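Copied over from TrEMBL:
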TRANSMEM  7-37  transmembrane segment
TRANSMEM  57-76  transmembrane segment
TRANSMEM  88-112  transmembrane segment
TRANSMEM  118-137  transmembrane segment
TRANSMEM  149-167  transmembrane segment
TRANSMEM  239-258  transmembrane segment
TRANSMEM  278-299  transmembrane segment
TRANSMEM  320-335  transmembrane segment
TRANSMEM  341-361  transmembrane segment
TRANSMEM  382-402  transmembrane segment
TRANSMEM  454-474  transmembrane segment
TRANSMEM  486-513  transmembrane segment
Amino acid sequence: PVLVESLLVFVIVLSVHAVVWDRFSWCTVALAIQAFYVQFKWDRLLQLGGAVFQFRGAANSGLLPASMVIPLLGVVMKERCRAAGIVYFERFGIVVASTGMLLALFLSVLAVGITKPVPTNTCILTGIAGSIIIYTMKHSLTVSEVIEVLEVLLIFVYLSMILLYLLPRCFTPGEALLVLGGVSFVLNQLIKRSLNVIEGRGDPIDFFLLVAVVGVVLLGLFFTVLFTFLDSGTWISSMFFHMMTAVLGLGVIMPWLYRLIQRNPLFWLLQFLFQTQTRLYLLVYWTFLAASACGVVFYQNAKRSSESKKHQASTITRKYFHFIVVATYVPGLIYDRQLLYVAAVLCLAVFVFLEYVRYFRIKPFGQTLRHLLSLFLDERDSGPLILTHIYLLLGMSLPVWLFPRSCAPKGTLPGAGALVPYSGVLAVGVGDTIASVFGSTMGEIKWPGTKKTFEGTMTAIFAQIIAVALILIFDSSVNLNSSYAWILASVSLVSLLEAYTTQIDNLLLPLYLQIMLMA
């Protein structure tokens, strides 16, 4: 399975660079080759228990697929913005690609450094790849951009040491690279923009995302340190938790956001949410769907208590939430993407806050949340945190958040790029859901070395093609310009990757589909 997964990633890398070939292509190919070799060193370390931190079990390291995501995103973003003539975001894409390569290279060097005896051939490959990357960065980045890349690397190193120690068995090395690398980049962007505030420059919804992500991470770090010395399950600790959340929110996060958007954040948010009648209808509809999701949780738990204490939700039951999320995102993508952008940020902040309440057993809802959510655990939730629902939200939202709006004339990209905001809906909401449902109920022919079935994968590809046709019918802004073969190839490669990867597919698949469609 690891070899097939690696082969699929190589095919995606070569497909992207067949369309977008420049000096960064050599770096990406060199990085992919060395990540393929280092991946086996990480796998061996995980099997022998020789890794520095405790990583998630029942999965390989995932270094190769994770190492390619950020560099490829940067490369395709650079090309799209260069074609649109937006120099600022073209340079931003170069910084993203360089940062992703350096973070992946650091993780590779770490694995090689702690492997005993030192693997000579892998060291040589890592050295060659590192030399190519550093040489290209030297001739592509300005001094300020080099400093920015090194700042992200520094934040990543410190954040990894803290979070991987505090949260054992929550990530594989590849997932840690994606999640912590993304958080490090967001934190660096927020610091950079806070120090260089120019009134009227920048979209408030972008600042809202940056402040929300950094705010919830800082909140978690603060309470993790605090509850190391206090019992979090008492009423006094719970009252202190709610009080300090309000203090940090109103005393730090709100003023920070005010400095960036130059207006009262609460008034701006209320004005934004209720600006048009369409937004009001969408908010009412989303409230109904959220209540339906809560109803599913309560119903399944009532069913568990009446049947058996050991009852666990089936795969099909867990996919109910995928259907609800698709029903949530599709109207937002068609009618108001900016509202969907902000609503997804708010939902992420709420999800992470509720996870803190559950993890720290904060009264009065902490223990109740532990009981309700334990029904929906699977083998990927082996650590102290339950992250699968947050990954589902991220997988659906990242294509919306990462869509290069400034480089898209009339709000959409030409050709297959018009489907980029729908990447999460297609890969996770439709493809992964249909593959799981049909594979678990009717699948008989298994892919070699996996539990996934041929029938599930083929049905997923077919369902995504039907979904693309429906998007063409209902979303008038989408014009594919006869790029159907590329879309079919993209959907097929990502569906095959879903069958073979042991990483969090909710996070990985939408990003790869977005990369392919943007290319």
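Including glycine, each Cβ sits where the backbone N, Cα and C put it.
Among the stretches 57-76, 118-137, 239-258, the one making the largest number of Cβ pairs under 8 Å with the transmembrane segment (382-402) is 57-76. Within the chain carrying the transmembrane segment (454-474), a Cβ under 8 angstroms from the stretch's Cβ atoms is held by residues 334, 419, 422, 425-427, 430-432, 434-436, 438-440, 442-447, 480, 487-488, 491-492, 495-496, 498-499, all 6 or more beyond its ends.
Same-chain residues lying 6 or more positions outside the transmembrane segment (278-299) and placing a CB less than 8 Å from one of its CB atoms are 317, 320-321, 324, 327-328, 331-332, 335-336, 339, 343, 372-373, 375-376. Residues of the same chain lying 6 or more positions beyond the ends of the transmembrane segment (57-76) and with a Cβ under 8 Å from any Cβ of it are 2, 5-6, 9, 12-13, 16-17, 20, 22, 24-25, 27-28, 31-32, 35-36, 38-39, 42-43, 45-46, 93-101, 103-104, 107-108, 111, 169, 172-175, 177-178, 181-182, 379-380, 382, 402, 497, 501-503, 508, 511-512, 514-515, 518-519. Sequence-remote contacts of a segment are chain residues at least 6 beyond its ends whose Cβ falls under 8 Å from one of its Cβ atoms, and for the transmembrane segment (118-137) they are 23-24, 26-27, 30-31, 33-34, 37-38, 41, 98, 101-102, 105, 108-109, 112, 146, 149.
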